[in-house]
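Structure, as structure tokens:
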Amino acid sequence: VEGHFCLSPLSFLQRTSTVSGAPDDEPFSTYFEEKVPIPEDVTQMFSFRKLWAFTGPGFLMSIAYLDPGNIESDLQSGAKAGFKLLWVLLGATIIGLLLQRLAARLGVVTGMHLAEVCNRQYPTVPRIILWLMVELAIIGSDMQEVIGCAIAFNLLSVGRIPLWGGVLITIIDTFVFLFLDKYGLRKLEAFFGFLITIMAVSFGYEYVVVRPDQGELLKGMFLPYCEGCGPAQMEQAVGIVGAVIMPHNIYLHSALVKSRSIDRGNKKEVKEANKYYFIESTIALFISFLINVFVVAVFAEAFYEKTNIEVNAMCNASGSPHTDLFPLDNSRLQVDIYKGGVVLGCFFGPVALYIWAIGILAAGQSSTMTGTYSGQFVMEGFLNLRWSRFARVLLTRSIAIFPTLLVAIFQDVQHLTGMNDFLNVLQSMQLPFALIPILTFTSLTSIMNDFANGLVWKIGGGLVILVVCAINMHFVVVYVTSLSSVALYVLAGLLCIAYLCFVGYLAWHCLIALGVSCLDVSCLASRVSNNRPSVFIEEQPEYDT
């Protein structure tokens, strides 16, 4: 079976006989040197002690929903559309939760994360292409996070720390923070919880100071309509989806759930772990959603439909040294992470600017750390690495840091923040390379046993992935057409053909896993040659007792 990719359930069972095995069969991992024990409590349907034991991975995962790219998308949404796109943010977060549920279930049931499963199931060439695409997504996300940290240091130092200096500081402190898990996994998770708390307090402070209209906020959140919206608002809505649902986060979450001590041979324990992880993920994403709402509401209330000349006058009156950022014209205010802090300082005082910068620093620092973990898991899974922790951190950091450092040296802060759209497009294009595999593998009983996706999840998951990918591809098309270059059009066309062929390859196998057996040409040919009926017979592997 090795080297032959036939997605019939029987062949998957043959390829993954160790996936459903006992805990001793788990593949090598250089990350989890300890596993958090789960307390015994057989008398209760729900235990807060058990929920606390499972709490951690979901909050680390939720940091990707709070990275500087998301924060910039939030503030632009508020400044361009007011409260009108909050329902898009809510819908994207719910979709993200459902996708994270699939990632967590894969890790809990199989004892392997998504990169490891891909490494075992896909042939060599598709596996390498898949790895490269996921690495591109991680690099794009990491650049946004490092840029966010550098901008935060620049704002906090009143411009004394240049952008390249902020990038270098981020390199050093990321290495320091990443080795916190040497002192215990729970301490590391507590530190991430502390950074999320800083974000909540910082952006919550801005929310209290600005005092948004609560009626308009609730209307925008629960009324799926955008009155008076034009192309700019529609593009922003697409951008929200692209910023919230990130491909590398699926790989990350499927690995983080391996940090708890679960007997995978015990069906009850596996079911219980899935339940508590889903509850924890729901709480974590609810908190991240509130923080995102704080940012959208602040810029919707204070800066929606503001013009450059109005902001220029306010900054001039407040004595801000950044007045020249806003030209004397009546065009709509265009903001990013850097300008967002400046205008908050102009309208609400220097304290608002510094607290904003602290929140951005916490967002950038926490997300760049989890991004590094994602890179480690992906490289370990796809390449089956046996490197030391330091070597893997050094490599994954260097891949993203060096291009970011070069950009920071040769570009000013305004051009640096303008890269956000390009990086969002880059990550949007990589979404199918996480969403399609996770739906494929969680739909196979040969891998997931009794925890494979049911019919509702197969259909619903397929539709969600189709919609998300279509929305993000629209975002890509809008960005490419705005480049106004024939040479770039031709290059984009050639890349799109290759891209769509590979996405089609993954989708073909996904459809087979979802039950469209007529697409499995190799297996059908085998049945015809053996005069067997074209019907799949799934073998149900039993749990170890």
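One is the number of the first residue shown, and numbering goes on along the chain from there.
Here the Cβ of each residue, glycine as well, is placed from N, Cα and C on the backbone.
What TrEMBL says about a protein is an automatic prediction, not a curated fact.
Lifted from TrEMBL, the feature list:
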type	residues	note
TRANSMEM	86-108	transmembrane segment
TRANSMEM	161-180	transmembrane segment
TRANSMEM	192-210	transmembrane segment
TRANSMEM	237-256	transmembrane segment
TRANSMEM	277-300	transmembrane segment
TRANSMEM	337-363	transmembrane segment
TRANSMEM	394-411	transmembrane segment
TRANSMEM	431-448	transmembrane segment
TRANSMEM	455-480	transmembrane segment
TRANSMEM	486-508	transmembrane segment
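Looking at which of 237-256, 337-363, 486-508 has the most CB pairs under 8 Å to the transmembrane segment (86-108), the answer is the stretch 237-256. Here the transmembrane segment (455-480) does not lie next to the transmembrane segment (161-180) in space: the count of CB pairs under 8 Å, restricted to residues six or more apart, is fewer than 3. When Cβ-Cβ distances under 8 Å to the transmembrane segment (337-363) are tallied for each of 192-210, 237-256, 277-300, 486-508, the top count falls to 192-210. Listed as Cβ neighbours of the transmembrane segment (192-210) (distance under 8 Å, sequence separation of 6 or more from its ends, same chain) are residues 59-60, 62-63, 66, 287-288, 290-291, 294-295, 297-298, 301-302, 344, 348, 352, 355-356, 358-359, 362-363, 365-366, 369-370.
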